[in-house]
Amino acid sequence: MSSVRIECVAKEGCRLGESPVWDEKEGALLYVDITGRKVCRWSPVTRQAQAVPVDAPVSSVALRKSGDYVITLGTRFAALKWKEELVTTITQVDQDKANTRFNDGKVDPAGRYFAGTMAEEIRPAVLERHQGSLYTLFPDLSVVKHFDQVDISNGLDWSLDHRTFFYIDSLSYSVDAFDYDLQTGKIGNRRSIYKLEKEESIPDGMCIDSEGKLWVACYDGGRVIRLDPETGKRIQTVKLPVDKTTSCCFGGKDYSEMYVTSASDGMDKEWLSRQPQAGGVFKITGLGVKGVPPYPFAG
């Protein structure tokens, strides 16, 4: 795979970059800086990122069928009007907990917004355990809680036939699969399909490609790995020039480019001097596989 090229495209480093999503209408990449409290949009035409500041840690962004975006902000699902820089709360979760926030989120093929919570971190990946839950915001704006006892709710996606939901609770060091009912949004029969190896470190964000294989960003592992969910085998590793790779998605005109977010939080001066691109967004080309366009929230 010598044709694989990696380029840092958004160099305005995030503290904790996450949740890359390709916005086809804008021809741009959306992503968030969780601890930097901003939603960003990078244009390959201008090579610049614009940002909308928000009032709490913002952990995921998704397209909305009616236009603009939905985000997870603190413990709220919220709507974001980009031009007006206007955020409106849709609903709140974890009201019984003082110390949690949303983490990763993604919209399913039926237009439901799945997102999970976690305890606020003391240091990166150090936190009170079992405080998180996995939720779904339905298009009618009702919320369902699937389960709790989650450490760090993270990467999620759906199989190409929509019958399997893939999910990562980071500190389990496992990529899990559930049976998925697209009609109801119900999940069941949880099982592990891949356990990370020591050098891969912590599984973070995830996306699926057009061949049904999963790509997982490895936090502190400085790589994305490609997994076959049928065999449970790793089939490819792409190493990046930064350790704290956080999430990945496909984008570009034909979804043949992969975008990878990263973080700089928790790195000291010496570490940052070795990895000056930490917190940047990277574009990977030449993977020889395409991605699947993101689904918009239907509410």
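Placed from the backbone N, Cα and C atoms, the Cβ positions cover glycine too.
Whatever TrEMBL says is automated annotation, not expert-curated.
Mean pLDDT for the domain 'SMP-30/Gluconolactonase/LRE-like region' (16-264) in this predicted model: 97. Annotated domain 'SMP-30/Gluconolactonase/LRE-like region' per TrEMBL: 16-264, in sequence order.
All chains included, 30 other C-beta atoms sit within 10 angstroms of the C-beta of Asn154 (divalent metal cation binding site). Under the heading divalent metal cation binding site, TrEMBL lists Glu18, Asn154, Asp204.
If you look up TrEMBL, you'll see Arg101, Asn103, Glu121 marked as substrate binding site. Taking all protein chains in view, 18 other C-beta atoms sit within 10 angstroms of the C-beta of Glu121 (substrate binding site).
Summarising the environment of Asp204 (divalent metal cation binding site), the number of other Cβ atoms within 10 Å of its Cβ, over all protein chains shown, is 29. Annotation comment: TrEMBL describes Asp204 as active site, proton donor/acceptor.
Excluding Arg101, Asn103, Glu121 themselves, the residues of that chain whose CB lies within 8 A of the CB mean position for the substrate site are, in sequence, Ile34, Pro57, Ser59, Thr100, Phe102, Thr117, Met118, Ala119, Glu120, Leu127, Ile152. When the alpha carbons of Asn154 (divalent metal cation binding site) and Glu121 (substrate binding site) are compared, the span between them is 14 angstrom. Checking each of the binding-site residues Arg101, Asn103, Glu121 against Glu18 (divalent metal cation binding site) by C-alpha distance, the shortest gap belongs to Asn103.
For the substrate site listed in the record, the two most distant Cα atoms among Arg101, Asn103, Glu121 lie 11 Å apart.
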